[in-house]
Amino acid sequence: MAILSDRDIKRYIEEGLITIDPLDDPERQIQPSSVDLRIGNEFKGFRVIRKPCIDPKDPSDIESYMETFHVEDGPFIIHPGEFALATTHEYIALPEDLVARVEGRSSIGRLGITMHVTAGYIDPGFHGRITLEISNIGKMPVALYPRQRVCQIVFETMTSPAERPYGHPSRDSKYIGQTRPQTSRIKDDYEIRNSRL
């Protein structure tokens, strides 16, 4: 596998192999081996409710814990210890022979903010806005502004195209085409759905 350079990223975009929409400021967003992505304006945060735990087997459970916030003007404030979901402002589409990784920008990390908890890997064939799993591990609240550059995407070539890329009918591609922050769809995992646990 090889990481795409800035010149390769530009070529892939020009040839329609990678979609990044909108890419409003390519000169600022395209870095030597990545593309800076911005945060969208919709956030999902946990409500405080009285339940002992989140149960992945209860399909109504997970959504009931989340509250949606739309931010048009001004910041979304994330407090120490809080967790929120958001998406990138940009819609991303990958071909069947390219994977991507999302990493938080160093400037954001130095404020105590992580941009993804575990889901930094993007499968070949994915298209949609990338979910950001944001948490504040610092000691101060931090303001995040819609369309602020918060993360970067790195592209890597594969040795051959995927036989069953993300979105293939035979795959459980639960988040294909997402345009808004999506809560966990763990209830759709095979072992949960078929009561294998």
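Any Cβ shown, glycine's included, is placed from N, Cα and C.
Per Swiss-Prot, these features apply:
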- ARG105, SER106, SER107, ILE108, GLY109, ARG110, ASP123, THR131, LEU132, GLU133, GLN152, TYR166, LYS174, GLN178: dCTP binding site (BINDING)
- GLY120, TYR121: site 'Important for bifunctional activity' (SITE)
- GLU133: active site, proton donor/acceptor (ACT_SITE)
- 161-183: region 'Disordered' (REGION)
- 165-174: compositional bias 'Basic and acidic residues' (COMPBIAS)
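Location within the structure of each feature annotated in Swiss-Prot.
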residue	record	contacts (Cβ under 8 Å, 6+ apart)
ARG105	dCTP binding site	ASP36, MET115, ARG149, VAL150, CYS151, GLN152
SER107	dCTP binding site	none
GLY109	dCTP binding site	MET115
GLY120	site 'Important for bifunctional activity'	ARG101, VAL102, GLU103
TYR121	site 'Important for bifunctional activity'	VAL99, ALA100, ARG101
ASP123	dCTP binding site	LEU94, VAL99, ALA162, PRO165, TYR166
LEU132	dCTP binding site	ILE39, LEU85, ALA86, THR87, THR88, VAL102, MET115, HIS116, VAL150, CYS151, PRO181
GLU133	active site, proton donor/acceptor	PHE83, LEU85, THR114, MET115, HIS116, VAL117, THR118, ALA119
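The DSSP secondary structure for GLN152 (dCTP binding site) is strand. Under DSSP, ASP123 (dCTP binding site) is assigned to coil, being neither helix nor strand in the three-state scheme. In the three-state DSSP classification, LEU132 (dCTP binding site) falls within a strand.
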